[in-house]
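Beneath this line is the structure, given in structure tokens, with notes to follow.
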Amino acid sequence: MHDCVLKMTGITKSFQGVRVLDGVDLEASAGEVHAVVGENGAGKSTLMKILAGAHAPDGGSVEIDGRTVVFGHPVQAQRAGVAIMHQELSLLPERTVAENVFLGREPVRRGLVDRAAMESATAELLDSVGEESFGPRDLVRRLPVARRQVVEIAKALSLNARIVVMDEPTAALAEHEAELLHTLVRRLASRGIAILYVSHRLREILDLADRITVLKDGSRVTTADASTMDAPTLVRLMIGRELDSYYPPRAAEPPGPVKLSVRGGGNARLRGIDLDLRAGEIVGLAGLQGSGRTELAKALFGAAPFTSGEMTPCRPCSVREGIAAGIGLVTEDRKAEGLLLNQPVRDNALLVTRATRMRRPGIERLLERVGLGPLRPTQEVRLLSGGNQQKVVLARWVAAAPRVLLLDEPTRGVDVGAKAAIHELTRELARDGTAVLMISSELPELIGMSDRIVVLRDGRIAGALPAGSTEESVMRLAAAS
Amino acid sequence: MTQQLDLRRLPAVGSFLRRLSADRPARAVYVALALLIVVGWLLFALDGGRFLSQENIVGIQQRSAALGIVAVGQTLVILAGSLDLSVAYLISLTTLVAAETMGGADAGVPVAVAAVLAVSATAGLVNGLIVTRLRVHAFIATLGVALVIRGVLDDRYDGPAGSVPESFQHLGYDRVGPLPVSALLWAAVAASAWFLLSRTRLGCRIYAVGGDAEVARLSGVRGERVVVAAHVLCSLCAGIAGLLLASRLGAGAPTVGTDGGYDLESIAAVVIGGTALAGGRGGVAGTVGGVLLLAVLDSIFNQLEVDSFAKDVVRGVVLVAALAIHARRRTA
Ligand SMILES: Nc1ncnc2c1ncn2[C@@H]1O[C@H](COP(=O)(O)OP(=O)(O)OP(=O)(O)O)[C@@H](O)[C@H]1O
Ligand SMILES: [Mg+2]
């Protein structure tokens, strides 16, 4: 009934002698949403990059519309009708949105780049995905991470491809934005485009996908109709064991002394912030994109300090002061702000402890704690899978053992198994007396983890909710006008 | 009728102005340039002399034309994430190629121009291929090419050689109204480069490859071709500067390029103009400002008869200060 657009057979790939993909088969039909799932490092992105011509496979074949293709360069994949949104954002910060969308395919008229056409086409694309907060002429550098994702989407759409690959497109998006994307995905599929969709969000996969392929350690475990799958089965196939409850139990005893408190904190983006973080307590910070959650975390840390208000024990004016005061921040944009990509895992994990001459914990135990156990500490971070990079950032702060830990989207792009491990770890740190502030765009996670939820709106605190509040009540507070 | 013309022109002019004013580093250079001119003017006014007489301006334009042309080429390679240290020796070589091919005869001029362009394009091609194919860092690759050219020069010449016919010397000394022909040539080269960067695909891709080579690759840009093209264009600019200098000197000179310090000076002018040494950010407008800034500084020194040590110190300070200011403005 369906025509098979894509057929990948027996794909193998090794990096420096380590086998990453081992005889993987993958098919997609016109109009199908085909989800690809698996743990961090299972080889999903590598498989997608092979399809997009960014890596050459060591073995196996790729057929598009029944014809065998060999891509030596991404441009050939584009011409064959493959568009890809890479997991790590691939945009040029110094160029405009339009220039990024049409990079490599700038429309020309009489030999010259037709900027007007480029900008109006970009405006249309942005329109079609419901984006209003920026325009084609804005510099990408000025957009927040989640908005950059939209630029990637527009770029993939502009190719008019027959096969669209999305590698964790919703990782940086909030719930309602993810829903916009889902609508878009369905619309593309109804136009007869084959979509390969990589994600760690099981709910959206079960919602969206027609078929699901599970990868584990570089091999295909199964491909099955989504209708025959449910979340527990999927988890078992992915990580090879059952995962009973997602969220660790909350602390039994009431929170301890206040470790950090702000009164009337303000700067260019924030106003009148009153906030107490207590030992043993996990405070969830909710809010829409642009409500100032990241700005608040940065202000507490000293990276973008408060310019007014009181803060105890001290108001850090720089990151150094923040760290000295025992505050740690796991940033949301790991590539730009979090990691030294060309350095080994070990140096990245020990960066803070080293810079501040703190005592160094055993590196193996540290990596074990954040779920990076099987990794060589000398591996360059650049070569790690996306989710594992995230764990390295976390390891750094676990090593530093701060008194106050700020987590900005700590589980972005992390697989379900590791996510549970990070939740467990966070709870354990809180139990040991750390005050934790956690930002997450995934409301179920935020609600499941937090002892108290503080909601931001337009740079102000809109209110606080107790543990176990519903998603609706959080959203109502976040969006009220 | 006129209305129709206006309508068609307005968007183009608007987009030009918009892009120029969006180019903040370039704006900063022009502000600095204006300040420097005011300072110079005050210095001389207090002294009772005159700064920026017409002769003075012509002098500045003439002196900066050759450097300006090289710096425009340098801007292209630096934007593409590369660098060219071979321009100084290439300039010397091309003055010799020009003067020897002409041999004092008018008939030789077209052949000589073609020969110079061919020689410089070849040098650029070699630079580009070493950088992209052999993956040698541009610093070393172009230094190597520079040494090879020096070897040729040292081996074959001990002093000026060849001669340039009178007709060709117009290029170096004539004026159109108040403007020297050489300055017009510089303006033309700069305008072409500006046009290339803002209105052609190659221009877009130069920014892309310099900004992030991997991102460019994943977007379907063939980065190697872009870098090679930038190197060829840069060397062509050096060749044009060589022609200009040959016409001024009346002969080819094996040390004219290195005496003028065109390699490091052109890079200095580019970074003073706000182009990032790592590539991907900046433009020709800033470079032109950077060249003018250096030239005005020189002419103030000359008029004040400052000794050459103090001159070098101040130029060094200006360079470092410019970089520091651009860095500050970026993070602010
Ligand atoms: N260029 C490379 N050189 C060496 N190893 C690499 C390279 N790219 C990926 N790897 C390794 O290949 C394995 C698979 O990585 P890949 O990025 O495909 O995982 P993934 O399934 O996409 O994981 P995630 O869910 O975390 O994104 C990882 O162990 C990674 O370290
Ligand atoms: Mg991945």
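Cβ atoms here come from the backbone N, Cα and C positions, even for glycine.
According to TrEMBL, the protein carries these features:
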TRANSMEM  B:28-46  transmembrane segment
TRANSMEM  B:67-91  transmembrane segment
TRANSMEM  B:111-129  transmembrane segment
TRANSMEM  B:136-153  transmembrane segment
TRANSMEM  B:179-197  transmembrane segment
TRANSMEM  B:226-247  transmembrane segment
TRANSMEM  B:267-297  transmembrane segment
Contact ranking winner - B:28-46, B:67-91, B:136-153, B:226-247, B:267-297 against the transmembrane segment (B:111-129), Cβ under 8 Å: B:226-247
Leading stretch by Cβ pairs under 8 Å, where the reference is the transmembrane segment (B:267-297) and the options are B:67-91, B:136-153, B:179-197, B:226-247: B:67-91
Same-chain residues near the transmembrane segment (B:67-91), Cβ under 8 Å, at least 6 residues beyond its ends: 120, 123, 127, 131, 138-139, 142-143, 145-146, 149-150, 153, 185-186, 189-190, 193, 196-197, 206-207, 209-211, 213, 226-227, 230-231, 233-242, 244-245, 256-258, 260-263, 265-267, 269-270, 273, 275-284, 287-288, 290-291, 294-295
Contact set, same chain, for the transmembrane segment (B:179-197): CB under 8 Å, 6 or more residues outside the stretch: 58, 61-62, 64-66, 68-69, 72-73, 75-76, 79, 170-173, 203, 206-207, 233, 237, 240, 244, 248, 283-285, 287-288
Other parts of the chain folded back onto the transmembrane segment (B:28-46), taken as Cβ under 8 Å at six or more residues beyond its ends: 52, 272-274, 286, 289-290, 292-293, 296-297, 299-300, 303-304, 322, 325-326, 329
